[in-house]
């Protein structure tokens, strides 16, 4: 039997009848008597190989993707039914194309200097606020310094520093770490991390919110974001309590401010000597300004649209007040046809084309939902500017690129970004950041739309379109824009995509990223071949020449 395959990855190509021109003769010589899965592999290979001849800028990536998928298919096919000689012929043809064609690389020598930082491991400071494996970390930091990395980024976890009791702060492990960074003459980007660590992509440690906060949450779970089914998410505090004195006499924003002020006093010497170059303010889950609309702990899987997170009693009270002020009391509710975490837009009455998201009620609800997000950022950043007066501060936005090619942009809507096809949802956020002279840090600059289409065509994702929209929204109001990769990146194609976004080609205003932060320091990055590629990337971000620039055909 032929093993079942995920045929959607191959866009349903089934042979010459699919409308593609005939492939090179060496591929068409493969017999059409193959089992169905072999024919699909053959057709995908033929299509990709043919495009390599006519679409050179994309040739290497297409051939590489075809090769990987052919190999995966070969592993899935019963050897008794697989004509191995023909399979080898297919793979060899694709590999030959991959070897002969390369993506021309742009020469970034002499371009603007973009600082490069590296995120430290999530668990570099343990739950007792002690530095973990300082000798090993020092060795790694020395290696980073040797290739002229500008600095490192570290999370200052609320759940570690203020864990025992309100306004009892323990910074000892961070002081040891910061001194190590200062001795190496590196810079520091520090994140005020008011969220839980654990349960998201790339998380390998668990750091909950402070124990005293979770004690309050056991009695009053509505301090956490809540979905339509009443499930509470302890990843971060709902913005509904920003101004509610439910945290032992303090509001949430007062708690954040006290924490930031304690940090500023504790590390005054590092601010004065310029070691701390930027403070990033955590504004939601993963430190990002968004609702926790796609939590893995609730069963979400990519590319689900996620769910609205406004059903705690505080946000529902706010929604009802907004509806009364609008004169439509019955609008004081969440949508009842918005699907579930793993729904697709077309499966819901709210997000489908022509759906309720664009009705009078839908526009009212989404305006309110997104404004709550913006107001939260406004309040916290105002206090951050008081705590860190004179220092550079930043806020992080997530790159929610799936369903970007649909009319509703459903995944963005549930996360709080009111950015359907007929509205710019990032301009109001950029304006709020401009009000507080806050830099924007944006993710997913390494992702290619073509790769997303090949791997998950049903997601209708467009990371490149999203990045371009968000970067320009920030540049239009003249705020600095920094960025980071969303997923681990070790290959040249990913680095080249970051470079193109960092320094846009032919921009008349010569705009560029203010900094880039690499996610993240690990043993995999330190492997010789990976680190050599990373060093090459750092040089190009700094505007230096590299000796092995690939400019086209060999």
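Any Cβ shown, glycine's included, is placed from N, Cα and C.
Curation does not apply to TrEMBL; its annotations are automatic.
For 288, the entry in TrEMBL reads active site, proton donor. The feature active site, proton acceptor is assigned by TrEMBL to 484. The substrate binding site annotation in TrEMBL covers 155, 195, 203, 396, 401, 443, 485, 486, 520.
Recorded residues residue 520 (substrate binding site) and the residue listed as 'active site, proton acceptor' have their alpha carbons 10 Å apart, per Cα-Cα distance. Residue 288 (active site, proton donor) is 14 Å away from residue 485 (substrate binding site) when you measure Cα to Cα. Of all the binding-site residues listed here (401, 520), the one with the fewest other CB atoms within 10 A of its own CB is 520. Listed in sequence order, 120, 122, 191, 193, 197, 287 are the same-chain residues at least 6 apart in sequence whose CB falls under 8 Å from the CB of residue 155 (substrate binding site). The CA atom of residue 288 (active site, proton donor) is located 12 Å away from the CA atom of residue 484 (active site, proton acceptor). A straight line from the CA of residue 401 (substrate binding site) to the CA of the residue listed as 'active site, proton acceptor' spans 15 Å. Residues near residue 484 (active site, proton acceptor) in space but far in sequence (CB under 8 A, at least 6 apart, same chain), listed by position: 119, 441, 442, 443, 445, 516, 517, 518, 519.
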